[in-house]
Amino acid sequence: MAPIQRRRFIDTSENLPQEEQPELGLNVPDADTLSTFSGTENSGESVSEVPSEEISDQETAVNSVETTAENQEQSDKVDEQTTNSDVTPARERGAGERVPVRRTVRRTPNLRNNPDTEYVPRGRGRNSNYRNTYRNTAASLERQMAAEMEAARIAAEEANSESKPRLSINDLTAMGIQGLRDLAMQYGLMADDLAPMKKQELIFVILKAHTEHGGIIFASGALEILPDGYGFLRSPQNSYLPGPDDIYISPSQIRLFNLKTGDTIYGQIRSPKEGERFFALLRIETVNFDETRVAQTRIPFENLTPLYPDSKLRLETTTTEFSTRIMDLFCPIGKGQRALIVAPPKAGKTILMQKIANAITTNHPEVYLIVLLIDERPEEVTEMERSIKAEVISSTFDEQATRHVQVAEMVLEKAKRLVEHKRDVVIFLDSITRLARAYNQTVPTSGKVLSGGVDSNALHKPKRFFGAARNVEEGGSLTIISTALIETGSRMDEVIFEEFKGTGNMEINLDRKLADRRLFPAINIKKSGTRKEELLLTEEELQKMWILRKVINPMEDTEIIELILDKMKITKNNEAFLKSMNGSDPD
């Protein structure tokens, strides 16, 4: 509300000298000053020549304003009028007379047409119907300047980062212990201090020393969001298990980029500050090998439309690789297949998986391949890592069941996130029987136990894992090729196999009798096949395969595999093999 302007009256005496008047608080203006304030110049006329009627009227008005509070609004109106019009001419005062002294009216500057100001309506005032004030937008200008300075700073940092030494955590995790120790000594660390450290501890001290020397660090990993809202980047070299070299991600970053558990994130990180234990993500470069904006608009995996596989994964590679050649004809695999390799012990299932994986990496390099080994031997893990160009995630038999479950769920979530980004993913699971055993030990007891000691709730999550395989109409696919153990002498394994027997849309049966006779691949042709194979084979291939199956149906299993292997040895590829069925030259 605008301040009320009032008249101030001071008793003065004409006998008081001018220089002593400041003791009263105000200087009494002379006639020239009053005449100038009123807008009229003193042209030499005497002030005493003002008519007595005007003087008496003014004194009456002044006394009425002073005595009653009711006329205060009238005084304000008089002030406003006298501000915009001429003031009554000044006159000489006698001794003891009271002279009205006006305050200078401070006017609000007209900022209506100023583009740097913002009009803000205020409430009603007494001196005007609607008093409008304007607020300067200096604060908004300061924010804009701060944003521009921050953008310039980031651009300068990016320019400077090109010249700074870079280091990737994933490169460090791929190194051996001795290589990490040699690298740590290059940063000035003592060999005696490095000797008792484990691999992850060595990586931590190397990263910290690298940042102290002015270097920048980049890292890639799979995101795991904890119940508290924040998350960590887990390393695939550590099978997505917690470790001291994990990267912290704040909840604000997770909400900003619409991140989920399983997202593969690559970005720049910073060293831990005082009181922090983990490295923190500074800037996100990519999410699931795409730009960050793609993750903000993706469709959830559960809302994607599943279809039958209609795009074939060609497994045929060389002439002498009979395993993949037989599968290409009798049980083809498509993108989005849910395949089950049913095998007894020592039937060659691990070797068959390696050959299938190598064939996919050779013929389909665009496919993202993950090999998940659950409850397997450590030497098999090492062999798989060295023989397949894929991401190998393992949890060996000496680990707890909870770790088996954690690793499997992280792999599944990562695969789902990649499918949401329209990628083709293939997971090799060895084996789903051991995964179901792990879930049977970790799930809460329901009180309902099936035959073999299997809890009724234990098979729900393994089924959800296996059922995630699908071909997606919107783009992308998830293929799961899993092994199931039979003839192990365990009733639990038989129950688990029966539960998964009808869930897949492709099945490969390995025969122990064939393996005992050293006929590899020990594939039972009669029991192996693919649902909707007409979507994966050409019309000519489909007709000839139906004829071939009719021919070999009365034969024994050993005779069938021997016949097929003999025919494939004399043909260089499957196309020549099918032509040889017509009696023409296989070449």
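One is the number of the first residue shown, and numbering goes on along the chain from there.
Glycine too: its Cβ is placed from the backbone N, Cα and C atoms.
A quick note: this is a predicted structure, and the numbers were derived from the prediction, not measured.
Site annotation (TrEMBL): ATP is bound by Gly334, Lys335, Gly336, Gln337, Arg338, Ala339, Lys346, Ala347, Gly348, Lys349, Thr350, Ile351, and the candidate from Arg325, Arg377 recorded at this site is Arg377. Segment annotation: TrEMBL labels coiled coil over residues 131-162 (candidates 131-162, 387-418, 419-450, 547-578). Sequence-distant contacts of Arg338 (ATP binding site), defined as residues of its own chain at least six apart whose C-beta falls under 8 angstroms from its C-beta, comprise Phe466, Gly467, Ala469, Arg470, Thr479, Ile480, Thr503, Gly504, Asn505, Met506. Here the binding-site residues are Gly334, Gly336, Gly348, and the one ringed by the most other CB atoms within 10 angstroms is Gly336. If you average pLDDT over the coiled coil (131-162) in this model, you get 65.
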